[in-house]
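Marked as transmembrane segment by Swiss-Prot on the basis of sequence analysis: 17-37, 44-64, 96-116, 118-138, 165-185, 202-222, 260-280, 284-304.
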Amino acid sequence: MIPDYLTFIRFQDKRNLIYIYAIGLILIGFYWKNAGFTFPSEDIGVVSGILALVLYNFIFDLKAYWAYKCVTKNIDFSWFKKKQNHKIELFLTQPLVAGFLSLIMLSAMSWGLYQLLPSLYALFLISLLGPLVIFLLFRMIRTSYVKQVAISVAKKVKYKSLTRYVLLSVCISTVVNLLTISPLRNSDSFVTEGQWLTFKSIIALLILCGVVLAINLFFLRFSKRYAFLGRLFLQEIDLFFSSENALSTFFAKPLWLRLFILLVIEVMWITLVSVLATLVEWRIWFEAYFLLCYVPCLIYYFFYCRFLWHNDFMMACDMYFRWGHFNK
């Protein structure tokens, strides 16, 4: 007996709420640590941006996931009978639009709390209420997406290649990284303007790059195969979405060897960038300097992400063909 929609989401929402709170609190916790356990008023937009991007990441593949659920019919969707989509609803639930609107809402909430309470109490309440706001928006958007699935078959391919798809995801995660580490521009360990080539600066940047990469790699543990299967059903991608797996030989090597090679390259790269910055007396923002030093890790993350998601896409294609065979 298949569960009805309301029963299924009642069970699923328990996990969703935990995931949203866990991710939101981890990111805000890293921000707070990097800010020296302070919360200046100019960082209200930073915290709100982090939470808004959490929502964006949660809903980016959400319609595709529910397309997979609808097509495979392992949930009873009779609750949606006679429910219609409205044009304004279709517009407001687009990931970019929903993310931008959530940014405005979260910024307004954060500013209000900051005006009423001491800064640390305000941040504490933002950490508690922000993920809850994201969860409530997520629920509303999910309901809209399920209604949209029946009319959402794309007229043309939305993502022509896995490389572009991965690039978009990497850009979003990089923005989250920059927002999270931005308070370090005021840290004694990273105030290196005019003193780029120091042992302290190089080691601090090396550790920071390693921590950021480790967090990003941790979130790659979540599989994309059902999202890709849903996008195949929606015809947003085709079977030529990814034809080959780049650097498969490299990623077949043991993890410790890959990380050791990356460590050597990263040390050499940070040293080279520091030498150049000292010679030309650069005056650039800390975020830009970090991003420049992070390039080897960013390249590794991009190709590893593509490697994993290519395998997920191959599994999605196999499931897609099996489903077509069973429904002949």
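Positions of Cβ are set from backbone N, Cα and C atoms, glycine also.
Fewer than three CB pairs closer than 8 A are found between the transmembrane segment (284-304) and the transmembrane segment (17-37), and contact between the two stretches is not assigned (pairs 6 or more residues apart).
Beyond the transmembrane segment (260-280), the same-chain residues lying 6 or more positions past its ends with a Cβ under 8 Å from any Cβ of the stretch are 195-198, 201-202, 205-206, 209-210, 289, 292-293, 295-297, 300. Among the recorded stretches 44-64, 96-116, 118-138, 165-185, the one sharing the largest number of Cβ pairs closer than 8 Å with the transmembrane segment (17-37) is 118-138.
Here the transmembrane segment (118-138) has Cβ contacts under 8 Å with residues 13, 16-17, 20-21, 24-25, 28, 32, 37-41, 47-48, 51, 54-55, 58-59, 62, 98, 102, 105-106, 109-110 of the same chain, all six or more residues outside its ends.
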